[in-house]
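Copied from TrEMBL, the annotated features are:
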type	residues	note
REGION	1-142	region 'Disordered'
COMPBIAS	14-26	compositional bias 'Basic residues'
COMPBIAS	47-59	compositional bias 'Basic residues'
COMPBIAS	66-78	compositional bias 'Basic residues'
COMPBIAS	114-124	compositional bias 'Basic and acidic residues'
REPEAT	356-390	repeat 'WD'
DOMAIN	441-519	domain 'BING4 C-terminal'
REGION	539-612	region 'Disordered'
COMPBIAS	573-584	compositional bias 'Basic and acidic residues'
COMPBIAS	592-601	compositional bias 'Basic and acidic residues'
Amino acid sequence: METAPKPGRDVPPKKNRLQAKKKKPRRYWEEETTLTAAGAFPGPSGNKKRNRELRHQRPKNTNFPKKSRISRKPQLPKKSRELRNPEPQRSLSGAQDPFPGPAPVPVEVAQKFCRIDKSKELPHSKSKTRRRLEVAEAEEQETSTKAALSQLLLVEEPGFLEGEDGEDTAKIRQADIVEAVDIASAAKHFDLNLRQFGPYRLNYSRTGRHLAFGGRRGHVATLDWVTKRLMCEINVMEAVRDIRFLHSEALLAVAQNRWLHIYDNQGIELHCIRRCDRVTRLEFLPFHFLLVTASETGFLTYLDVSVGKIVAALNARAGRLDVMTENPYNAVIHLGHSNGTVSLWSPAMKEPLAKILCHRGGVRAVAVDSTGTYMATSGLDHQLKIFDLRGTFQPLNARTLPQGAGHLAFSQRGLLAAGMGDVVNIWAGQGKASPPSMEQPYLTHRLSGHVHGLHFCPFEDVLGVGHTGGITSMLVPGAAEPNFDGLESNPYRSQKQRQEWEVKALLEKIPAELICLDPRALAEVDVISLEQEKKERIERLGYDPEAKAPFQPKPKQKGRSSTASLVKRKRKVMDEEHRDKVRQSLEQQAQKQEKKAEPTRARPSALDRFLR
């Protein structure tokens, strides 16, 4: 009888399936310690039972967070000592990060974006209110830090035209600038010869991508001036006095000889507003959706374009109004008058907010910078003055011009352009929020006709000039803000993005009643009104309800201190106090009536019937 051979002698033993598998190759950045530190085993063990026991075994005295279906805050396990002091992270190649952690933020840069004054201490209020204030302060600090970090992405920097030693930049011509710049910037300088329909008024859209201009003889056109693509061109067969884009480039307001007309970007007339007649100047407030018109009859009209209603029609009582501009900081309208004064208007007031005596003669032009700090005026006395609008309204600088400036315009970076006849002079300052230096002009350019309109293009170093010979686009280095906010004014937005932005802007529209000189005053508490309201309440009730501390009932035992019972006891005490106050007031009134009813004379008189 043959027996089966034993596995240890002639027949080789069968290999284990786990051992028969090929070993997974270890990468050069992996180490054996990483597996052991994570709690995993480097390889399979022959004892399956032992592995199964270790897999199902749990350490003792381990606190696991309880899972709940609804939890306000996520419950996280406590960090171990190894995670509290982590080692510097290594990359895939095994090298250490030379700059671990988040990028440092300078305190000065973060303070620039902070809108909370940390020098003031938090008020001693209730714990819940104080906790909310602390959370709001922490969120504001985090937001300012993120804004400071995102500032690194704003790689564009404003630059100015710098001449050689002793060279005057005002002598540099536009042809020299065009030759020195790149092809894309050189294409932004052009001249439109339109002598048969001039003189022209022009306006750029808020994104700086579209240009609209209208001639005195009825020529109206809009175009994408970057690509030179014409959007629409019409002749209204009537004198055009001013032209303005509304909240987007899809709507256009034209002040014609008789009435105010609204057109779309295809040149189709949408509205004819006959209540705004004989309009001379137009301004648009983008955050309030208000179209402001100044007329020959002396009326200042505010038209809400979102609902199509006139918000206010104010009589300036100063004759013909043909000098008007807006303050971008607080949306206040500045009007120049023939008696040398500039008046500041708001739709909430029927009288001017302030009046500034600027010139000995009539005011010819007014302009306000983008920060709302400085105002430039020119008059018939050939004076060009810079005023401080921060409550003082005092002149900071003045210059006498050989020929008075008929048109003024401020750029986003604080450059001031003045049109004097057929010459345009530009003055520069130290930068944004600084007054321009009037000693020497920054640039000078002579046109082929007299200037009738000036407007700096947003986000582009371009100055648009409308004159009797047509339209001229000048290159002015350092005039515009190089970095734009894509959520506010995006020059490259699509039609869908424009529609979404328009809906959000309508939802965030500011009421016209909030326009005032100092917009920061809206966030302050009117202490005088609170005191007056408190006095009126005391007179109405007959006593001061806040003079005595409110009644706090003591808790009782045996379940008699429920919330309902405490509220009933408080109400009962308040009713009793109110009854006592009313009873005292009635007694005082009765005593006063008795004193009045006492006869003052011994003998009755016929006039006693009137004593009541």
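Using the three backbone atoms N, Cα and C, a Cβ is placed for every residue, glycine included.
Just so you know, TrEMBL annotations are computer predictions that nobody has curated.
Secondary structure counts, DSSP: the repeat 'WD' (356-390) has 0 helix, 20 strand, 15 coil. A mean pLDDT of 94 is what the model gives for the repeat 'WD' (356-390). The DSSP breakdown of the compositional bias 'Basic and acidic residues' (573-584) into helical (H, G, I), extended (E, B) and coil residues amounts to 12 helix, 0 strand, 0 coil. Shown for the domain 'BING4 C-terminal' (441-519): DSSP residue counts in helix, strand and coil, namely 17 helix, 22 strand, 40 coil.
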